[in-house]
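Participant: Pasting the relevant annotations from Swiss-Prot:
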BINDING   268, 270, 325  Fe cation binding site
BINDING   336  2-oxoglutarate binding site
DOMAIN    248-345  domain 'Fe2OG dioxygenase'
């Protein structure tokens, strides 16, 4: 169970004197690096996302999920995991491609409201929220590269992650389902779980989904500047989940004191570069530390969780860790909303640690790879059985 005493580092990214080249920038940059080295994530204070915008994005999710199923089914897209999806009648998702571009968001709302001009308020809310989270992502990535002395690669790095294939995935879990899970879980969401729904149905569910689509109701919405992100706005509905699991490494706390667990998302690492996550009111996120302890992250206004992914770990030659984390909802009869951007390398970008990060003390840990190939392996039959995806896919044998 997540500890209430342990806390993630809290870093203020909205200080008025925080400008590149300033003493405050150097101070915060050092704090960001240490947090990512120690925890793989941190809590960012960023009051540039107004409380009004926070409430607007959550009201947007409520309005979208309240639409009839036949209306949501109008949301179609040829890309995998984008467009309307129903997941074993336990959750559903909507998707927007290139969600940083307002006209694309308008196309999405016009699918749902075809007899008018879509929904201008929803479109603008999604765009504004995506832009703010992208500001955090770009700032943190710049600080990371500067702190390791590879600032000469910053511009190329930002261009290599241009927001070209952004998506908005809205995922919801049916309320009061009462799901009991008995699973063999070895890595993260790669595990195949046998799910028995409390509504009397027996469902075999494959929980191997990508960063854009999380079984606990995450979001993915992309947008912004110079980065390929998926910004997610989603929900966790309290699904009264009991878990009895065998794990191959990172546990899902098997039957701890027979306590009912509300597991929205099994233990996993993200495969992308960075995730910037916003929890709205209902807590649930738990992060695993180096010494195998869980930190339960409590939501608060104007704070966002910045999480490093496997791709960043490889790019930085293992100097930054990608933390295992999960979602465990304990609130009763309440819906948990979250929103996040997932920054991913664009197609054909090869992830390789710069030569400046490789020396006798830090030998090369991972072979160069294309993010799409890593993701394909992650979802393959072989990949689903692997405990540590990144190491299994591209670790240097001598490392």
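Every residue, even glycine, has its Cβ placed from backbone N, Cα and C.
In terms of burial and nearby residues, how do these features look in this structure?
Facilitator: DSSP assigns residue 325 (Fe cation binding site) to a strand segment in the three-state reduction. Within 10 Å of the C-beta of residue 325 (Fe cation binding site) we count 25 further C-beta atoms, all protein chains included.
In this structure, residue 336 (2-oxoglutarate binding site) is part of a beta strand by DSSP. Of all Cβ atoms in the shown protein chains, 27 besides its own fall within 10 Å of the Cβ of residue 336 (2-oxoglutarate binding site).
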Participant: Just to verify a number: CA distance, residue 325 (Fe cation binding site) to residue 336 (2-oxoglutarate binding site), in angstrom, no decimals.
Facilitator: 17
Participant: Which entry in the list of binding-site residues, 268, 270, has its Cβ near the fewest other Cβ atoms, using 10 Å as the limit?
Facilitator: 268
Participant: Across the domain 'Fe2OG dioxygenase' (248-345), what does the pLDDT come to on average, as a whole number?
Facilitator: 80
